[in-house]
Structure formats: C-alpha cells, structure tokens
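J.: Checked TrEMBL, it gives:
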- 14-229: domain 'Glucosamine/galactosamine-6-phosphate isomerase' (DOMAIN)
- Asp67: active site, proton acceptor (ACT_SITE)
- Asn135: active site, for ring-opening step (ACT_SITE)
- His137: active site, proton acceptor (ACT_SITE)
- Glu142: active site, for ring-opening step (ACT_SITE)
Amino acid sequence: MNIRVLDSQEQLDDIAAEYLIGAVERRPDAVLGLATGSTPIGIYEKMVEKHRSRHISFREATTFNLDEYVGLAPDHEQSYASYMNKHLFQHIDLPATHAHLPNGMAASLEEECKHYERMLAEQPVDIQLLGLGHNGHIGFNEPGDTLSGDTHAVVLQERTRDANARFFDSKDDVPTHAITMGVGSILKAKTIILAVRGADKADIVREALFGPISTECPASLLQTHGDVIVLLDREAGRKLSL
Ligand SMILES: N[C@@H]1[C@@H](O)[C@H](O)[C@@H](COP(=O)(O)O)O[C@@H]1O
C-alpha cells in the first residue's frame, strides 16, 4: 500500500483528482469507479477544474458508482444519482449513458444487482475511488460475520444511518436499504484510491490498514489488493506510525 498523509485538504483533493482525471487523459475510454459521501466533494471540484483548464474530455469515459439507496428515485435530492449530477456529471461532458449507478427503484433488486455486476464484468474499473465509513465500511459493505463478493442489496446499520442523517431532514428519512458493489467487485479494480479525512476516522484508518484482515472491518480487505493508494489528511493519519 502506498500511504500518504497530506498537509492540507486541498492537496488531498488535488492528488486524488489527478489520479482519476489522469487515467482519462492517458486513455480517453478509461473506466472510473466513483464514490459519494462528503469526502469526494472537493475531489470532484478539482476534477472539474482540471477538465476545464486542460480540456480533458470524458466523452469516451465510463463511470460506475459504488452504491445507491433503495427506494430513492434518481431525481430525489438525496439519491446518489443526484449527488453525482450536482458535484460532477453536470459539469463535465460525460455522456449520460456512460454514467452508471445501481437503480434503487428496480422492481427486482436481485436482477438489478446481477445486471450491474454483468456491466462491471464487461467494462472492468481501471481506477476506483473509495471513502471509508466510521465502522470500516466501503461502499455500503457493512461489517459482519460474512461479506458478499458481488453487487448486492444490504440492510444499512444504524450507525451508518446516523452518520448519513446529516444529509436528510431527519433520520427517519434515511433509507434502510441500499444496493452496493461487493467487496469482491471493488477489489477487481486495477487501482484503488482510498481517501479519508478527519480525526473521527483515525482509529478505523489504523484498523483498516494495519489491523487483522477481517469481515468485521470490510476496508481491511484492501490489504489484499496489490495497488492501493491511501490519501489521508493529518487528522485521519494521526494514529499511524509511518
Ligand atoms: N456509502 C457511502 C460510502 O461510500 C462513504 O465512503 C461513506 C463515508 O462518507 P463520508 O466521506 O461522508 O464520511 O459514506 C457513505 O456511507
């Protein structure tokens, strides 16, 4: 693992954005794996800046998002589809048909998951951006006795719903289920960037990167991947002795 502790938020955003847009610059039809949450917002801002200043086109690129809430339509303000439009897609020239998110409104979640997994198999992710949940989740792969490899529907843990309640009017509005790429699907990406900010993540960062590889900390499975770049701000990295 290549672990970097950055002095400023801006540096973290810039480096992560450079990896992602750099992949498209080198190969215009690159496949990007994207994430949501508060951490990637600055990264997407930097990508938009670089897209404009360096005229890097996304016309041939493809994106796959990690996850989506079940029961929220794409135009719902808190859906991850809306988030992606707001923070990235509406500012770049990526064709709408090239931007994939799981459909949380699908009549059959099982079929939707299989369909998403098939698309991922056809267009493997070159570079996957990940954030980290306080309980060690990646995407919406929650800690537990077992983990699913492929894209699947999950019940969200109360701690995750609490953490995400800040984006909704009240916790009751936070969906109870989501569709997420599985840890197996995530680990198929050729390169993975894990971006983490904030003192409240310092313990889980240490556990994920240096603790035992365990389904109780889904991010610890990243230790088994050969090309992971970890970008931390000082606070998130403060429990590491590098
Ligand atoms: N499903 C997303 C995750 O993909 C994300 O990594 C996590 C952390 O979010 P934040 O960056 O806001 O702490 O939040 C959500 O639960």
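Positions of Cβ are set from backbone N, Cα and C atoms, glycine also.
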J.: Sorry to bug you, but what's the C-alpha spacing from Asp67 (active site, proton acceptor) to His137 (active site, proton acceptor), rounded to the closest Å?
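T.: Computed Cα spacing between His137 (active site, proton acceptor) and Asp67 (active site, proton acceptor) is 12 Å.
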J.: Averaged over the whole of the domain 'Glucosamine/galactosamine-6-phosphate isomerase' (14-229), what is the pLDDT?
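T.: Taking every residue in the domain 'Glucosamine/galactosamine-6-phosphate isomerase' (14-229) and averaging pLDDT yields 97.
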J.: Determine the active-site residues, out of Asp67, Asn135, Glu142, lying near ligand 1 in the sense that the CB is under 6 Å from one of its atoms, and give them in sequence order.
T.: Asp67
J.: Cβ-Cβ under 8 Å from Asn135 (active site, for ring-opening step), same chain, 6 or more residues apart: which ones?
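T.: Glu142, Pro143, Gln157, Arg159, Thr160, Ile204 - these are the non-local Cβ neighbours of Asn135 (active site, for ring-opening step), listed in sequence order.
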J.: Can you count the other CB atoms that lie within 10 A of the CB of His137 (active site, proton acceptor)?
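T.: Taking every protein chain into account, the count is 25.
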J.: According to DSSP, which of helix, strand or coil covers Glu142 (active site, for ring-opening step)?
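T.: In the DSSP reduction, Glu142 (active site, for ring-opening step) maps to coil.
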